[in-house]
Amino acid sequence: MLKLIIPTTMLLPLTWLSKKHMIWINTTTHSLIISPIPLLFFNQANNNLFTYSLSFSSDPLTTPLLMLTTWLLPLMIMASQHHLSNEPPLRKKLYLSMLIILQVSLIMTFTATELMMFYVLFETTLIPTLVIITRWGNQPERLNAGSYFLFYTLVGSLPLLIALIHTHNTLGSLNIMLLTLSSQNLTDSWSNNLMWLAYMMAFMVKMPLYGLHLWLPKAHVEAPIAGSMVLAAVLLKLGGYGMMRLTLILSPLTKHMAYPFLMLSLWGMIMTSSICLRQTDLKSLIAYSSVSHMALVITAILIQTPWSFTGATVLMIAHGLTSSLLFCLANSNYERTHSRIMILSRGLQALLPLMAFWWLAASLANLALPPTINLLGELFVLMASFSWANTTITLTGLNVLITALYSLYMFIMTQRGTLTHHIKNMKPSLTRENMLMLMHLFPLLLLTLNPNIITGFTP
């Protein structure tokens, strides 16, 4: 595990010791060299738990998320270059340091084998993200967004800490493998139900569940490009990862405790998709679409079947790449038009034809067009929820329809139509930007050829 953590940590001295004209080149190339390391963890006999030490281990659920995390750092660095072009070298280095610290804490969170260590690292990821949003965001509202993000996450996580201390007092251990393999036989009592709620609430806020999602659109809209990318692609997946780990430990309870949350996430999925159709702000639309996709993942995890777990894992990876790509595209528009309002940036296909192709590809991936892995994940979840209760097909089917509507609405509003009068001249798309979009789409297309490496705990 250290072969991943140590090189990533060593990016910090690399950043601070680089000359000012070499900062971007050094960090991008070295983080790209580090990114294939998790591919080595895929090569495991019979999908077992691969333990490196007492503290860290990886398994078929962790490894795809590690791959996503490491792949995203060079992309975030590439995307941030224009945003930081007027900053002094010291601030550039500070910004990159925040991204690297966030990367290290995410890697350690995904691989932690001890629940208290997982909790501490889970909370650690909050600090660099908060600094990135509140220091480098564009509008003054970023402070409000930062406080929403901080307090929602903290209030959601405190009950988890109390539940962990309680579990440690009663069982004497918080080792994830030990707790998963030993049968708990939790009875249906008030105290156990409250403990289940305390365990799940932190992750439901992080996912976010509909009703606890108000911090997400604010944080996404006000964050700089790298903040939006890492929030959408990896930080939301922390919630899904935690839920998958802990619902297995609390297994008999989840059966009946899940009902209200299943109903809420299925309903929230429709509501947030419908909200997307009314958005004028491009980043806000993509943020609400993230809430809608994550509601599908919550549904899958709470159904508790091997198929639904597979679907949740695939959907998390697919959504991570797709939403990050959409935020990059929205940012490239914002850098040229200085506005996130879709009506003010219409007709851009005439000026940036190659960018229009990336927009089309991203919109189609977002609406889960075959043969993307987004479709694979959605099909797994749809089939699992249909076999759990036939009536869910009306809600999930409606959601698929609305997703297609708002994805195409987003594409048509930004790319088609007549150009607005205030756009007289516009910079052409840079090679860096095209490369960035390609590096998002490339893994999506490659995973289409071999999706079984990201199917997680296959039955």
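The backbone N, Cα and C atoms fix where each Cβ goes, glycine too.
Annotated features in Swiss-Prot:
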type     : residues : note
TRANSMEM : 22-42    : transmembrane segment
TRANSMEM : 60-80    : transmembrane segment
TRANSMEM : 98-118   : transmembrane segment
TRANSMEM : 145-165  : transmembrane segment
TRANSMEM : 196-216  : transmembrane segment
TRANSMEM : 224-244  : transmembrane segment
TRANSMEM : 257-277  : transmembrane segment
TRANSMEM : 284-303  : transmembrane segment
TRANSMEM : 307-329  : transmembrane segment
TRANSMEM : 350-370  : transmembrane segment
TRANSMEM : 393-413  : transmembrane segment
TRANSMEM : 435-455  : transmembrane segment
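Where the transmembrane segment (145-165) meets the stretches 22-42, 196-216, 224-244, 307-329, the count of C-beta pairs under 8 angstroms peaks at 196-216.
Under the criterion of 3 or more C-beta pairs below 8 Å, with sequence separation of 6 or more, the transmembrane segment (393-413) and the transmembrane segment (257-277) qualify as touching. Long-range contacts of the transmembrane segment (98-118) within the same chain: residues 1, 4-5, 8-9, 11-12, 15, 51-52, 54-58, 62, 65-66, 69-70, 73, 76-77, 124-125, 128-129, 131-132, 164, 167-168, 174-177, 179, 226, 230, 234-235, 238, 241-242, 245, each at least 6 residues beyond the stretch ends and with a Cβ under 8 Å from a Cβ of the stretch.
Here the transmembrane segment (196-216) sits against the transmembrane segment (284-303); at least 3 CB pairs are under 8 Å, leaving out pairs fewer than 6 apart in sequence. Packing against the transmembrane segment (350-370) from elsewhere in the chain are residues 289, 318, 321-323, 325-326, 329, 332, 377-378, 400, 403-404, 407-408, 410-411, 414-415, 419, 423, 426, 428-429, 433-434, 437, 440-441, 444: each is 6 or more residues past its ends and has a CB under 8 Å from a CB in it. Long-range contacts of the transmembrane segment (22-42) within the same chain, counting only residues at least 6 positions beyond its ends with a Cβ under 8 Å from a Cβ of the stretch, are 3-4, 7-8, 11, 14-15, 50, 58, 62-63, 66-67, 70-71, 73-74, 77-78, 81, 89, 92-93, 96, 453.
Sequence-distant residue pairs (6 or more apart) of the transmembrane segment (284-303) and the transmembrane segment (60-80) include fewer than 3 whose Cβ atoms are under 8 Å, leaving the two stretches without contact. Residues 4, 8, 24, 27-28, 31-32, 34-35, 37-39, 41-42, 44, 47, 95-96, 99-100, 103, 106-107, 110-111, 224-226, 229-230, 233-234, 237, 241, 244-245, 313, 316-317, 320-321, 324, 328, 331, 432, 435-436, 439-440, 443, 453-458 of the same chain, all 6+ positions outside the transmembrane segment (60-80), place their C-beta atoms under 8 angstroms from a C-beta of that stretch. If you look at the transmembrane segment (435-455), the same-chain residues 6 or more away from its ends with a CB under 8 A from one of its CBs are 42, 60, 64, 71, 74-75, 78-79, 310, 313-314, 317-318, 321-322, 324-325, 328-329, 358, 361-362, 365, 371-374, 376.
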